[in-house]
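Novice: As annotated in TrEMBL:
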type	residues	note
DOMAIN	A:25-139	domain 'Alcohol dehydrogenase-like N-terminal'
BINDING	A:Thr40, A:Glu113, A:Glu149, A:Asn301	substrate binding site
DOMAIN	A:143-352	domain 'Glucose dehydrogenase C-terminal'
BINDING	A:Asn180, A:Gly181, A:Ser182, A:Leu183, A:Arg205, A:Arg206, A:Leu270, A:Gly271, A:Val272, A:Ser299, A:Val300, A:Asn301	NADP(+) binding site
Number of protein chains: 2
Amino acid sequence: MYAIAVEPGAGDPTVVEKPIPEPETGEALVRTLRVGVDGTDHEVISGAHGGVPDDEDHLVLGHEAVGVVEDPNGTDLEVGQLVVPTVRRPPNGTNHYFESGYPDMAPEGEYVERGIVGGHGFMAEYFTSPADYLVPIPESLASLGFLVEPISISEKAIEHAFASRSAFDWRPESAMVLGNGSLGLLTVAMLVETLEFDRTYCLGRRDRPDPTIDIIESLGATYVDSRETPVSEVPAVHERIDFIYEATGYAPHAFETIEALAPNGVGALLGVPSSWEFEIDGGALHEEFVLHNKALVGSVNSHRGHFESAIDTLSQLPESFTDDLVTGVYDLDSFQDAFVDDDTTIKTAVEFDTI
Amino acid sequence: MYAIAVEPGAGDPTVVEKPIPEPETGEALVRTLRVGVDGTDHEVISGAHGGVPDDEDHLVLGHEAVGVVEDPNGTDLEVGQLVVPTVRRPPNGTNHYFESGYPDMAPEGEYVERGIVGGHGFMAEYFTSPADYLVPIPESLASLGFLVEPISISEKAIEHAFASRSAFDWRPESAMVLGNGSLGLLTVAMLVETLEFDRTYCLGRRDRPDPTIDIIESLGATYVDSRETPVSEVPAVHERIDFIYEATGYAPHAFETIEALAPNGVGALLGVPSSWEFEIDGGALHEEFVLHNKALVGSVNSHRGHFESAIDTLSQLPESFTDDLVTGVYDLDSFQDAFVDDDTTIKTAVEFDTI
């Protein structure tokens, strides 16, 4: 079979030929339909993040997949069932994070991530996976199933952020997403369509006309240009925000979020920046944190429950939104186009097969 | 009657004579037994924090009180009932924070705090209060009832911090209190005695012999000298900490907490520093926040439910601990001694009357 792989740091991904994998006991064989591309893939390709499996010189990419069960191999799955695989797997044997159902809370070293670090991904014509890590999805979502994984990331972040506000009668009205990449836009859609915030904002640094600004506005959200209105000035220009979702990886945003939050508000941090020293008014931020009962919650990855919530969320997102979001689906012959990252590209996927 | 008051910023508190207050409808008249002194009182006295009520030139101090109902005035309370008053009151009329039972979540402007800002405190022979803000306590706690308010502050912070970890199977084992003031020591006792952390640390900057270090060690906790082991080096010298409670008001601690936390850990911030610019490795902190699912929660004040929990907690603290913690109880003639702040003073109170 064909797969799309990289030697991390070596540059562009290439097509490699590999044997069709054979499922072990408890695993099913899945025929891949589509696999999405996101910023993490670009970081893996550049070598900024991730790593090859032990004893391998390459990594098969892809962690946002949807496929069809080809061989249930004695598991409870059925031939033809549509599934989305979760991403984390135990590194050797298992550990209590996986046993308790919270692999997303495992610290480094206690997991591999398929397609990212230590485990081959799903950008191949077939992949195997323990059936426990394959989440069934309805056939109606086949073409968009590769969005389940990124949505699940936001399901988790939102769950954790809201949990931090569960000890009182929190009534958030305003939300802001920092970052207008595909994850940011999916989250704007969630905040507007399923969480029903009264007022939702999305911060970016793009000039009009721009397709991401068009999406933000067609959802009824407000675009905020960070070059005109830095995060710390959002309260003065717009309002103080109850829930802020950071998906830029721009480290000052993590700290400016404290200023931009409304009293009793919470910020979810999802970006993964590198070391960067800068000055903050730590005293004022600390005081603001305390006197206004604010919270910051870091969030990475997601567990099966978040995938199940994400399937429900995906089914509620308007078709007009997903049509605009997915700017390209490419077959194996033109797979490189799925990795182009320019201002007209929002979300792409590689298509290996159709249902 | 006599009361202890300040003109904020004017220097030392003085005894003033005032009429015994008359309870309005819904209010009871309380005969004061003891009122504790804490760091906030010192900030109010220095003028760093707080303010007099409208149309007044002085503020009666005191927000950590225990008293006896002298006149229920038609409320559900009974003559002779021991009570502890909560601190926050609505500024004018009411608002939804008070109506929903979460005055502790009200932002600035939506509350007054008795003895701190905008409302007279409880350091007087009598005070009045709406019965709803008087929490009954058992007679056995009469002499220590002034500790209920500070314990309630930690009850809230701990509730909010733990809520932030409620979306997964959190199993904290280690805790660290930053600060060995009276609130820090009360919190160490709670972590050891009622929350039963396996390993509890308390950070300070005192040389031995020192009474606070003796208390920390007699509770079975470990003293950490911040001059030898800064917060950021706690993981290297001791271990990464699941729950950190910051009560120093030293702003760098808020950010060093992110480094010292174990994966999936949470820091509760309670200090209230002033503006102070300094450099941080914001990129590394942001990354650590995200990749290890950490959380920071600011917390101020407490609501009636926290007072009720605090009464239960207080009844479980060992007498040997409270004996060591309370270093002086002074009557009105020597009330100045209760405001002395030196290395042999831990927790003091002014006694207005006995049961």
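Every residue, even glycine, has its Cβ placed from backbone N, Cα and C.
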Novice: So how many other Cβ atoms are close to A:Asn180 (NADP(+) binding site), meaning within 10 Å of its Cβ?
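Specialist: Within a 10 Å radius of the Cβ of A:Asn180 (NADP(+) binding site) lie 26 other Cβ atoms.
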Novice: Return the binding-site residues from the list A:Asn180, A:Ser182, A:Arg205, A:Leu270, A:Val272, A:Val300 for which some CB of chain B is under 8 Å from the residue's own CB; sequence order; 'none' if the set is empty.
Specialist: A:Leu270, A:Val272, A:Val300
Novice: Can you grab the distance from A:Leu270 (NADP(+) binding site) over to A:Thr40 (substrate binding site)? Cα atoms, rounded to a whole Å.
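Specialist: So the alpha carbons of A:Leu270 (NADP(+) binding site) and A:Thr40 (substrate binding site) sit roughly 12 Å from each other.
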Novice: Counting every protein chain present, what is the number of Cβ atoms, excluding its own, within 10 Å of the Cβ of A:Arg205 (NADP(+) binding site)?
Specialist: 13
Novice: What other residues of this chain sit with their CB within 8 A of the center of the CB atoms of A:Thr40, A:Glu113, A:Glu149, A:Asn301, the recorded substrate site?
Specialist: A:His63, A:Val87, A:Arg88, A:Gly115, A:Ile116, A:Ile153, A:Ser302
Novice: Find, among the binding-site residues listed as A:Glu113, A:Glu149, the one whose Cβ has the highest number of other Cβ atoms within 10 Å in the structure shown.
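Specialist: Max Cβ neighbours within 10 Å, all protein chains included: A:Glu149.
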Novice: Which three-state DSSP class does A:Asn301 (substrate binding site) fall into?
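Specialist: The three-state answer is coil.
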Novice: Just report the maximum Cα pair distance in Å for the recorded substrate binders A:Thr40, A:Glu113, A:Glu149, A:Asn301, no decimals.
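Specialist: Farthest-apart Cα atoms in A:Thr40, A:Glu113, A:Glu149, A:Asn301 are separated by 13 Å.
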Novice: Given the binding-site residues A:Thr40, A:Glu113, A:Glu149, A:Asn301, state which is nearest to A:Val272 (NADP(+) binding site) when distance is taken between Cα atoms.
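Specialist: Of all the candidates listed, A:Thr40 is nearest in space.
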